[in-house]
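Below: one structure, written as C-alpha cells.
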Amino acid sequence: MKKRSLIKLNLPVSRTILLIFLLAASVLIFFGRIIYVGSVQTKQTDDMVTHTYRVMEQVDNIRIGVSESEGLVRSYLITGEEQILNKLTKVHLSIQDAAATAHLMAVDSTQKAWLGELSTTLKRSGTEQQAFVTNQKPIAKATELDAKGSKLAQQINEQISSIRDRQQILLQQRTRVSEQTEQRLIKIAVAGAILVILFIAVLLWQLDKDIRLRKKAEQEIRESEVKYRKLIEGPGIITFTANLKGEFEFISAKAKVLTGYSPLELQGKSFAVLVPEQWQSQVLEKFVEQFNDRTFEMVVRFPIETKDKEQKWVKLTSLIISAEEQVIGFQCTVKDISDEMEAESKLKESEELIQTLLNNTHEGFFMVDRNLTIRVMNRPAREGMEMRTGKKVEIGMHLLSVIPETVMEQAAENFERVFNGEYVEYEAKYDTENGVQWLRISHSPVMENGKEITGAAVVTSDISSIKQNEERIREADQKIRAMLSSTEEGFYMISPDYNIVMINEAGKKILRNIAGKPVRENDQILEFIREERKEVFRAMVEKVMRGVIQETETMIETEEGEQWYHNTYFPVRNEKNQVIAVCIAAKNITERKLVDRAWEKIREEREEYQFRLQSILDNTPLIMFIKDVEGRYLLINRSFKEEFSLTEEEVVGKTDFDFESDEDAIRYREADEKVLHTLEHVQTEETVHMADGEHNLLIVKFPLFDKDEIVYGVGGIATDITERVQARQKLVDAKKKAEAAELLQEQFLANMSHEIRTPLNGIIGMTNVLQNTSLDTEQEEFVQIIRQSSDNLLMLINDILDLSKIKAGKLSVENIVFDLRKILEQAVAPFRLKAKEKEIELLLHVEESLPAEFCGDPLRITQVFSNLLSNAMKFTEQGSIKLHVKQLQRSGNDCELSFTVSDTGIGIPEERLGSIFRNFEQVAAETTRKYGGTGLGLSITRQLCELMGGNVRVESELHKGTVFCVTLPLVVVQQSSTATNGKDVKEVLQVGQLAGKTILVAEDNEINQLVIHHVLQQVGIITTIVNNGKEAVDLLETGQQFDLIILDLQMPLMNGFQTSTYIREKLELSTPIVAMTASALRNEKMKCFELGMNEYLTKPFVPADLFAVLSRFLLAQPLQVKQQQKKDEQQGPVFYNLSHLYEMEDVEYFCEVLHLFLSTTPPLLNEIHEAVLYENWEQVYKKTHRLKSSLGILQMNLMLALVTTIEQQAKEEKQLELIPEELKRVNELYELVRPMIEAELEKAAEVNN
C-alpha cells in the first residue's frame, strides 16, 4: 500500500516542477519576442525617416523645377526662341520624374494622397504652360501668363510647403516614437531578467517543499490506512480491489447490504457477476480506456443486479494501482445512487417536458448568463436565430456571435439594463431571405435565490403578421378616407359613447347644415342632432349596437332649400364579431324625392290615361288585345269579351293554349313570333268559332315598343269580315264564270273570225275583180257600195279581235330599235291621198332635237296613230290635221315623248268626253249613221298606250275641233357600233376579235351547256365546259389559265357561290367571273358581287347581253348592245318562243337543242314527281331549278311560271299542299307542247335537207 501511495504522489510533484520550467521558458520567449518586435519597429522607424528625407528632397526638386519652367515659359513668350522649348520639355520631364519618385517613396496612404494632389496641380500647370507656348502669340499673352502662372505657382508652392511641414511633423513624430521604443525595450529587458531570477528562486523553493511534503505524505499514508478502513465502512458505500482481469481481490463487508452477496461469495469472482449483460460492454470499455490512457481517476454510473435480481444504480470511482510504474489493478469505491438516479430521472423528465413545451410554443425563448452565453434555448428561438444570421446555433454559444451585426450594439445595451434589474421590451425589424420579419423582444432578469441576477430570459414573438395587418389597416384606412372624401354621400362613424371617430367632407357639410357650426372628429355627434330628434337617434344607435341595420329618411332645411337624405345605420364589428362602432351613410335623395313626386303625378295621369284608353278601347267596335312576348294576354277590350263570350279574368294572364285548340293556338303563336322577329306588322285571316257560328276575322298584329325601342309585346286589332269574305267568294265565283264566258267569247270570236274572213275575203276579192270589168254607172255604184261595206266589216272584225286580245292579255308588246320619223311617216302616208281628196292640210312635225332611233314597239305605235289619224280624217271636212312630236323629259337614255294629233273637225260635246274611250261608244247615234265605225278604235288606242306604259287624253270643243295627246316612255338608242340580236352581235364581234379567247363554263344543265357552247363558238371563243364547281376548281388548281369564268349558281357538289369564294380566297385568282342563274332576285345578285363575282346574267340569256358582258372584260373597246326587252316578259300565255334560236341561222344547233329538251325533260319531271311523293323538298327545289334553265331557253313562259312557283314553295317549304296540283299542270302543259316542239323539229329537219 505504501508503494502504491508513493506512485500516486510522484505525478503531481513532477508536474509542478515542469509547470515552473514552462512558465520560466514562456517568460523568456515573451520578453524575447517583445525585444525583437521593438528592434524591428525601431528599424522600420529608421527606414521611414530615411524615406521621408528622400521625399522631402524630391519635393524640393519639384519646387525648383516649377520655378525654372515658369521662367522658361515667360522667356519664350518674350523672345520666342525654340531652344527654350526644348529646355522647357526637359524641365517638365524632370518635374514628372521627381513627382513619380516621391510618390513611390511615400510610406503611407496619407503621404500618397498629398503627393497625388500635388501631381494633379503639376499636370494642370504643365498643360497650361504648353498651351501658351504652342497655341498663343507670345507677346500678346504674356500678361495672361503672368496672371495664371503666378496663381498656379503660388498654389504649387503652397502645396509643397504644406507637404514639407507635414513631412517635418511626421519625421519628428517617428523620431520620438523610435526613442520611446528603445527606452521601452531596455525596461522590458531589465524586467525580463528580474522575472527569470524570480522563477529560478521559486523553482528551488518548490523542490525543497516537494521533498519535505513527500516525507510527510509517507507518514500520512501509514496513518490513513486505519482511517481508510473506517471510511470503507461508511453507509451505502463499499470498496473493493480488483486485478486487471476484473476479479475481486478485496471487498468490504458492507457488500452484502448492497449486493446481497457476502464478501466470501464474491472473492475471486469477476466483477461482471454484478453487472447486467447489456451494461457489461460499456463498463468494461471504461476500465480499458482508463488503463490505456493511464487516467488516475475514472467515474462511471451504471446499474447492478443483486442476488435477489433487484436492480440498483451505483456510482463507481476507480483509481489506478501502480507498481514500478506498471498498472497492476484498480482500487474502486461503489456508492448506491438509486435514489439520486430516480430524482435525476424525474428531473430529466421535467426538463424534457419543459423543453417540449418551450419547443411547441410559437414564441422563441432562451436564457443567457451574465457573459451572454446561451444556457437554455427552445426550437423557435434557435430556428429564428439561424434564419436571421444564416449560422448554426447551439446552446453554449455566445449570443452576440449569433445575432445580426446591425443589432449587436443595441443588444449589448439592452442586456446591460436587464443585468441592472430592468425589464426591457421593444420591437425590431429584420431582413431575412423570406422577407421582412418583425419581432417583439422581451428581456427580464433571472435571479438566484431572489437576490443575485445571474442572467437574462428573453422571449421573442413574431409579430410580422400583426405588422402586416397594421399596414393593411393603415392602407385600408387611407383608402377608405380617400374613397369617402371622393364620394358625395355623407359618411360618419361613431363610437358607442357617441364620439365621431371618422367623418368625410360630405358628412361634415350635412352636420354643419343641421347645427350651423363646424364639425371635427372626436366631437359628440349629439351636439349636431336637433333636440326633437335626439331620442330617436339614440334609439337607432342602440338597435344598431345590437346588430340590427336601420334606415331612415330625413329632411334638412339649407340655404339651397329642402335637402332629403336617406340614412343607413349599420354596425362595425371586430374580429370577434362584436359591435364596436356604428357607421352612418347619408345619401342625398333630393332629386329622387322630386322624381318620386313627379312619378306620382305621372302615375295619377297614367291611371287617368289608362282609364280613358280603356274607355276608348271598350267603345270601339273592333276587337283589340295586347300580349306580352310570351303570348300572355295583358289587355282586352269589351268587343273581345263580347265576341268570344269571355271575361277579363278568363283571358288576362293566359295564352291562346288555355282556351283554343292546339292547332289554332300554334298558328296564332307563329304569327306572334313572326311579329316579334321581323318587328313588322302581320296581317292574317282567321276562321274562328263563336256562339252564333263561324266568323272570318281580319287580324292585324304589330309590335309594341317601350321608350328604349325594346319590344315588350304584340298588339292586335281584329275586324269581323265575314260578310266581306262571303262577298269576295261571290266575286270569285262570278270571276270564274266571267272567265269561262270570256273563254267562250274568245273561242267564238276566233271561230267567227275564221268563218267570216273566209267568205269576206271572197267578197272583197270578187269586188276587186268586178271593178276591173266593164260596168255601167249604176253597176259601178253598186260595186262601190259592196266594197265599202266589205271594208267596214273587215275593220269591225279586226277591231273586235284586237279588243278581245287586249282583254285576254294576249296582245304582245315588242321592244326593238326603230326609226321614229320613219314609222310616223308610214302612219301618215295612207291618209295623204284622202286628205288631198277632201282638200285638207295634213302635217307631220317632229322636233329636230329628238334622236333618230328609239327602242319600243313600232307596230303598236303605228296602230295608235293610224287610229287617231283615221278618226281625225273621218270627222274633218275642212281645215287641217296635224301630228306634232316633242320631248317632255329625259334622264339618261330614258325619254318621255308627247304626240299630239289635232284637227279642225266637228268636235266632241263636253258631256261626252268622259265616255269616248269606252267600247262601242260614239259621240251620238247620228254619228254612227253618218260616219260609220264600230266605236272600238279609241278604246283600243287607249289600251295600247297603257300597254306601252303611256296614256292618252282628249281636249275638244264642239264644232271647233279635237286634240288627242299621247304620252309614251321610250328608250333612246345611242348612235354607235351597236347590235340588237345574236346575228348582229356576231357580225360586230368579228371585228372585235374575240377569237382565241378562253372561257371556263361551269353548268350542270346539258341544254344550257349546248346553248352557251354554240353561242360562244360562233365568235371563235374556245370553251371548256365542266358539270359543277368542284370540277372547275380542280381544273384551275392544275394551273390552266382562262380569260373568263362563267358559273351557274345552282350546281351539285359545289355551287357557284362556294366556287367563287374558293377561287378568290384559296386560289387567289383575279380572273373575271360572270354569274348565270335562272333567278333574278336582287339579294342574290348583291351576294354575287359581295363574293367577288364581276357580272350577273339571268337565264334564258339574250346573246346580245352575253356578248356585251364578254366584250367589257375581254376587249379594249367594249361592245354597245341595244337592250331589247324579251318578248316573253310581257307576252300572254304563249306556249313557247323559238325566234332567238332561229336568229342563230344554225339549223343543226337548233335541232340539237330541241332534241336535248325532248330527251331530258321527261326524266327530270319524273324525278321531281318522285321527290314530291317522298316529300324531299330539297330535291324538289334542286330539280325544278334545273328544269327552269331548259324552259327559259325555249321561252316556255306558262311552264316556267309554274315551275318557278314550285321551286319557291319547295325552298321555303310553304304551301306544299299545292305542289302536286301544280306539278300535274306542268305535265299537262308539257304533253301539250311536246308535239309542237316535235313539229318544229321536223320542219327544221326538212329545211336542213
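The backbone N, Cα and C atoms fix where each Cβ goes, glycine too.
What TrEMBL says about this protein:
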type	residues	note
COILED	207-234	coiled coil
DOMAIN	224-277	domain 'PAS'
DOMAIN	294-349	domain 'PAC'
DOMAIN	422-475	domain 'PAC'
DOMAIN	550-601	domain 'PAC'
DOMAIN	609-679	domain 'PAS'
DOMAIN	682-733	domain 'PAC'
DOMAIN	751-972	domain 'Histidine kinase'
DOMAIN	998-1114	domain 'Response regulatory'
DOMAIN	1146-1240	domain 'HPt'
MOD_RES	His1185	phosphohistidine
TRANSMEM	16-36	transmembrane segment
TRANSMEM	185-207	transmembrane segment
- For the domain 'HPt' (1146-1240), mean pLDDT (0 to 100): 83
- For the domain 'Response regulatory' (998-1114), what are the DSSP-based totals of helix, strand and coil residues? 54 helix, 24 strand, 39 coil
- Message: Around the C-beta of the residue listed as 'phosphohistidine', how many further C-beta atoms are within 10 angstroms, looking at every protein chain?
- Response: 24
- Task: Look up His1185 (phosphohistidine) in the DSSP assignment and reduce it to helix, strand or coil.
- Result: helix
- Task: By DSSP assignment, list the helix, strand and coil residue numbers for the domain 'PAC' (294-349), in that order.
- Result: 12 helix, 33 strand, 11 coil
